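*Asks:* The structure's right below; bear with me while I get my questions together.
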Amino acid sequence: MTKQEKAINLSESAQVDQQSVQPFPRSRKVYVEGSRPDIRVPMREISLDDTPTDFGGESNAPVLVYDTSGPYTDPDVIIDVRKGLPDVRSAWIEARGDTERLEGLSSDFGQQRLNDAELAKLRFAHVRNPRRAKAGANVSQMHYARQGIITAEMEYVAIRENMKLQEARAAGLLNEQHAGHSFGANIPKEITPEFVRQEIARGRAIIPANINHPEVEPMIIGRNFLVKINGNIGNSALGSSIEEEVAKLTWGIRWGSDTVMDLSTGKHIHETREWIIRNSPVPIGTVPIYQALEKVNGVAEDLTWELFRDTLIEQAEQGVDYFTIHAGVLLRYVPLTAKRVTGIVSRGGSIMAKWCLAHHKENFLYTHFDEICEIMKAYDVSFSLGDGLRPGSIADANDAAQFGELETLGELTKIAWKHDVQCMIEGPGHVPMQLIKENMDKQLECCDEAPFYTLGPLTTDIAPGYDHITSGIGAAMIGWFGCAMLCYVTPKEHLGLPNKDDVKTGIITYKIAAHAADLAKGHPGAQIRDNALSKARFEFRWEDQFNLGLDPDTARAFHDETLPKESAKVAHFCSMCGPKFCSMKITQEVREYAAKIEAVDVTVEQGMREQAERFRQEGSQLYHKV
């Protein structure tokens with residue numbers, strides 16, 4: 001530890017990022033209660049102004065939106081990152097009676113870190129003893145689902161996905177939505193707990209929720225549910241502190257990150273992860289091989305199954321919800337990458353490829369896969385089967401190495417399912433638009449509809465600094481085709497470690513992609529927010545336009561750059577067209593004129609009817625004597 005690190009006592013000094021705890025404008029946190037009082041599902045309600053009288057003068061109902069920000073945006077909750085978030089799930093877990101509280105950490109490395117006095121100032125102070133399944137028990141959500149059990153987590157996500165659709169339907173808000181094309185997905189009109197159970201039992205969806213992460217607000221990943229996004233954080237050997245990573249977490253979930261992966265490769269990985277999990281209301285994923293490699297000083301050849309196994313247990317007992325495991329990088333596939341333009345670009349994939357070649361043995365993650373499953377089901381950690389041979393350039397898309405690994409991931413999925421372990425599949429990468437659907441179709445075929453989770457894909461390689469856009473295009477497409485979760489890409493992709501601003505930009509870009517996919521699939525209620533914003537735009541309700549958007553702050557700032565006065569917030573124009581050429585304003589004038597013409601037409605028509613009646617009463621004579 002450096003002198004500066006020794007001087008910092010995080011258990012005394014750590015503070016929440018103040019930007020992350022500000023409520024959104026005109027929004028309030030609401031909770032929908034389930035069948036028991038401790039099932040309280042958070043949503044964000046956006047209040048709207050009334051329609052101005054010159055537009056008809058009507059009230060506008062509040063709009064509910066999916067909320068990933070956890071307690072951070074609830075003004076009634078006092079946030080102290082030194083103590084972690086409120087417990088959501090412990091009562092549910094204890095009631096099932098199939099877990100036990102351990103006397104202490106069971107991983108060698110975890111015990112070693114705990115006994116290192118020098119780390120005391122960096123360590124999260126309020127660590128619980130971990131839970132584990134009782135001997136012979138399986139505590140995965142898939143196992144419960146296959147036993148016909150609807151867990152509290154399943155009911156929670158059903159309420160969360162449903163977003164009070166029944167009320168919206170009764171109000172007629174679902175009538176104004178285009179029909180979608182879902183490419184074979186089976187999206188019901190209402191998400192019920194039983195439907196959630198069926199999807200998890202079938203393997204088409206997962207609820208990543210480790211029994212040692214009781215702070216998590218359950219969410220679901222699957223093609224028949226809302227498209228989700230993941231944001232990456234994590235330190236590197238070149239920088240970032242524990243506080244900075246926790247700030248990135250809280251910042252990311254504020255803007256809509258459904259899950260977060262901690263990809264730390266620098267110092268204090270164990271301690272950083274503990275702070276992140278204890279303060280995260282969303283599932284946390286990791287790539288355990290990264291930390292295992294740090295334990296052998298970066299020498300891939302020195303990795304062993306025993307070391308990796310201890311790392312899995314260490315992270316599972318901290319509460320990691322899903323592991324990226326690169327078990328599909330087989331020895332026979334490595335030569336297939338030799339003629340690629342960019343070779344193997346996955347860090348985990350390259351680590352395992354190097355190990356295989358150095359020992360001329362099969363990937364130990366593959367040969368020990370059943371043993372990995374035994375660990376996963378003891379803590380309910382979900383698999384995210386890594387695509388270690390994903391293409392790193394569009395020239396390498398859809399090649400033999402990529403699809404060979406995908407077929408192996410399909411085999412491993414079936415093994416995981418035999419253990420009742422939840423599983424999703426990671427995908428590319430760099431893929432031109434015309435080849436994206438082939439990726440989705442092949443994944444559905446090989447992996448029997450297990451959820452697909454892709455990095456983009458990037459649709460062109462010519463835009464360093466703008467790869468959030470090149471990948472957002474591919475993400476929207478593959479989300480429409482059936483991808484369940486999209487891993488964000490920031491503007492710093494290929495260039496450097498993202499900061500807070502980059503994290504926000506990446507998340508907003510991917511929220512756009514995911515929402516566009518939901519619209520295209522015809523997900524019930526997906527268009528409600530669009531319709532509300534469009535109506536506000538037409539009625540020049542500027543504040544409502546800002547607040548209904550994914551990023552109210554940026555929308556308001558852009559508007560105020562040229563029209564900063566408060567009076568501009570009620571003006572019937574913006575600086576793009578000015579008062580004379582605003583198409584919305586002109587349309588309103590056309591409507592008013594048409595209404596007047598229509599009124600004149602009605603008067604003329606009424607007069608003509610009266611004259612016709614008089615003509616008949618007078619005998620229908622064309623001429624009368626004077």
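In case you wondered, yes, glycine gets a Cβ from its N, Cα and C as well.
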*Asks:* ASN232, MET261, TYR290, HIS326, SER346, ARG347, GLY348, ASP387, GLY388, LEU389, ARG390, TYR453 bind substrate according to Swiss-Prot; which of GLU215, GLU411, GLU426 goes with them?
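*Replies:* Swiss-Prot lists ASN232, MET261, TYR290, HIS326, SER346, ARG347, GLY348, ASP387, GLY388, LEU389, ARG390, TYR453 binding substrate, and from GLU215, GLU411, GLU426 it also lists GLU426.
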*Asks:* Select from 1-22, 45-66, 67-88, 485-506 the stretch of residues annotated by Swiss-Prot as region 'Disordered'.
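*Replies:* My reading of Swiss-Prot: the region 'Disordered' range is 1-22.
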*Asks:* Within its own chain, what residues at least 6 apart in sequence put their Cβ under 8 Å from the Cβ of HIS494 (Zn(2+) binding site), listed in sequence order?
*Replies:* PRO464, ASP467
*Asks:* When DSSP states are folded down to helix, strand and coil, where does HIS494 (Zn(2+) binding site) land?
*Replies:* coil
